[in-house]
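**Student:** Can you read through this structure? Questions will come right after.
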Amino acid sequence: MKNYIKADEWNIIEEGFDPHLNKISESIFSLGNGRMGQRANFEETYTGETLPGNYVAGVYYPDKTRVGWWKNGYPEYFAKVLNAANWVGIEVRIADEVLDLATAEVSEFKRVLNMHAGVLERTFTAKLKSGKTVKVKATRFCSIADDEVGAIRYSITPVNFDGKLTLSPFIDGDVKNQDSNYDEKFWTLVSDEIIGTEAYIKLRTKKTEFEVCTGSNIGLYKNSEKLDVKIAEIRKEKFIGQTLTLDVKANEEITLVKIAANLSSENYSKEALLKETKAVIAKATAKGFDTLLKEQKEAWATKWEESDIVIEGDVSAQQAIRFNIFQLFQTYTGKDDRLNIGPKGFTGEKYGGSTYWDTEAYCVPFYLATAPQEVSRNLLIYRHKQLGKAIENAAKLGFKDGAALYPMVTMNGEECHNEWEITFEEIHRNGAIAFAIYNYIRYTGDEAYLAEYGLEVLIGIARFWKQRVNWSSNKQQYVMLGVTGPNEYENNINNNWYTNLLATWCMKYAAEAAGIVKSQQPEKYTSLLESVNFKDHEFADWADIIEKMYYPEDQEKGIFLQQDGYLDKEQILVKDLPASDRPINQKWSWDRILRSCFIKQADVLQGLYFFEEDYDLETIKRNFDFYEPRTVHESSLSPCVHSILAAKLNDEARAYEFYLRTARLDLDDYNNDTEDGLHITSMAGTWMSVVEGFAGMRVRDGKLQFNPFLPTQWKSFAFTIGFRGATLKVNITENGISIKNNNDVDLEIGIRNQIYKLAGNTELEVDNAELV
Ligand code: BGC
């Protein structure tokens, strides 16, 4: 746990330069715009500890899965998100000394990530070995208004000397991944070109043959007057740059502006890529840095209007929640239905930048409420596009007749994770994908989605479950054997309550969805069922399983059992574990973890969170009280579900305590792993803790409902959400709740147990005293 980020409502601030914190800060100050992103590596040379990271959405490398004991059905490859060309580089030389913060004496160092504007600023003073001192101010952003463009303004002022200054902006494609085996590099050069102030490099990934063209255009200024300086070209392997040397005087500010673009063959033909990159650079250069910056600020201001959470009385909480919202929008903007949300976004290599069930279970609720409807719709369409691959994936494992098993980890629809207990067994992800469709329709009311995309996916998923269960003649019930639930600290278990529940729910919902499509679009229904070769008996098969499924329970304790035999385990509580044993995933052997009763993350409780309407409070409480004390929360996805359930159980103190565990997870490097990248998907969980937990927001019967409480640590909190054409500002204070409807749409809103009318452009205020 670290505590070096200065508290501020809108900015993430680091003051003073501590090289030991640099990799953590590189993650925290990362920039992205949904299409590309980068760690906060320095522009100038840095020979200290650093993890270079530049990423382009959708570009990956299929690293061969290598395991000693190959099991049939293993995925062929493990997808790596690729470290791509670095376009931020600017080498700075003063006479013949290189500016390098690892060797210079650094003072007045300050990094500020302005979340309202989407801009990173770094200022410092550096005294070189020779005693020459410079002041630097670097400003950069990845444009969210034009997501192929990034820009840097790098200003340098000699403090105590006149002399030669050499600036060498470059694009370096000779990069490798930190996680590459044997230092393997994944890019080959297609072409490069330097034309005066412009430079372009086109690189191709090995195997996947993605091409990415990175271009830049530079301009040099003295006290904001443009300079015309001779440019020398630099060419090295997969590296191009320009050198500009000039005589400078003390206190004269020299500014290099570098406007960059990243275009990939995912969006253009390979032949057109260079031409298109030139066009993007020309357009962005014509606008200039200030205009690009203005557009960036405006685009971010719009995002904040739709999504901000304001917390009064706790600056550190305020900073944290905005940081989470900011990073989520830097990762995914919803413009492209082929893209998704990697658990580390654009901030590191871990988790391969791939899509997990995190998207459906955690991120969809966030985007539903904070972004235009098409954003979460695109997340759903992403899976629809990959339905064919999910059917192939299931077929590889022996399923048939259109059964679909979505991958646990994917870049393009193919499974690309290589642990059998996860890929073969952690099949609950299929259920989360179906649940997200339900959640989307419940929130938006967009039932037409079912006919267009949703039903086909639901049928594929339901078919999988139908084939995955088997009839136990012993129990005279259906069972599901050999699975891994969300709690990955158990593998190959039988009858994971959560997975069994999801399976039957999916079949129920698929049948219900079919009914909706049939009544609303009968022709489409007939053609869709024909196209998936739907057989009459399938509904009946599902109904039989729904009726006769086995769910493990312990009647005496009144709890659902995480799996068969869970109570045979030695029942120890987490509070009785010595601190030196934690986290158990770092301290214990894997077999010991598997034999223990300890739970990595919400499992039974994940089911009670999804389907809370089906259970009374007493049941939820008994299960919560039983499972939480056995949960080590060693996944960052865990605390938020517990926070929301605790809030539902009116345990406000614990709801807040769980919220705190992830709210500043990365800002305070809580788990000592922020340097690898940020926990992007769990950031959505933190948002859920506030909105679904503290404000108790739900959608029931097409209406928003709130069941709010104010954490005692806060004076008030307010958030903005979009719901069915209305933008609502919800404000919760110690006196009660107010909801302002900023659009011309009339709504009915539930607060606790009462329904209120909220006409368009009006405000509803309900005092605590009135709440029942
Ligand atoms: C969790 C999974 C999650 C993955 C990626 C794992 O540690 O157990 O539930 O999908 O991380 O965030």
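Yeah, the Cβs are placed from backbone N, Cα and C, and that goes for glycine too.
Take a look at what TrEMBL says about it:
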- 13-265: domain 'Glycoside hydrolase family 65 N-terminal' (DOMAIN)
- 322-688: domain 'Glycoside hydrolase family 65 central catalytic' (DOMAIN)
- W357, D358, K600, Q601: substrate binding site (BINDING)
- E488: active site, proton donor (ACT_SITE)
- 697-757: domain 'Glycoside hydrolase family 65 C-terminal' (DOMAIN)
**Student:** For the substrate site (W357, D358, K600, Q601), what does the 8 A shell look like? I mean other same-chain residues with CB within 8 A of the CB centroid.
**Tutor:** Y356, A361, P486, E488, A602, S635, L637, S638
**Student:** Tell me the coarse DSSP state (helix, strand, coil) of W357 (substrate binding site).
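**Tutor:** Reduced to three states, the DSSP call for W357 (substrate binding site) is coil.
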**Student:** If you count, for each of the recorded positions D358, E488, the other Cβ atoms lying within 10 Å of its Cβ, which residue has the minimum?
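**Tutor:** Each of the recorded positions D358, E488 was scored by Cβ atoms within 10 Å; lowest is E488.
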**Student:** Mind looking up the mean pLDDT for the domain 'Glycoside hydrolase family 65 N-terminal' (13-265) in the predicted model?
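**Tutor:** Taking every residue of the domain 'Glycoside hydrolase family 65 N-terminal' (13-265) together, the mean pLDDT is 95.
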**Student:** Looking only at W357, D358, K600, Q601, the residues listed as binding substrate, what is the longest Cα to Cα distance in Å?
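**Tutor:** Across W357, D358, K600, Q601, the two farthest Cα atoms sit 16 Å apart.
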**Student:** Under DSSP, the domain 'Glycoside hydrolase family 65 C-terminal' (697-757) has how many residues in helix, strand and coil?
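**Tutor:** Its residues divide into 0 helix, 38 strand, 23 coil.
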**Student:** Would you mind reading off the Cα separation of K600 (substrate binding site) from the residue listed as 'active site, proton donor', to the nearest angstrom?
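**Tutor:** Cα-Cα, rounded: 6 Å.
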**Student:** In angstrom units, rounded to an integer, how far apart are the Cα atoms of D358 (substrate binding site) and E488 (active site, proton donor)?
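**Tutor:** Their Cα atoms are separated by 14 Å.
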**Student:** Far apart in sequence but close in space: which same-chain residues, 6 or more away, have a Cβ under 8 Å from Q601 (substrate binding site)?
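**Tutor:** The list for Q601 (substrate binding site) reads P486, N487, E488, T631, H633, E634, S635, L637, S638, V641, given in order along the sequence.
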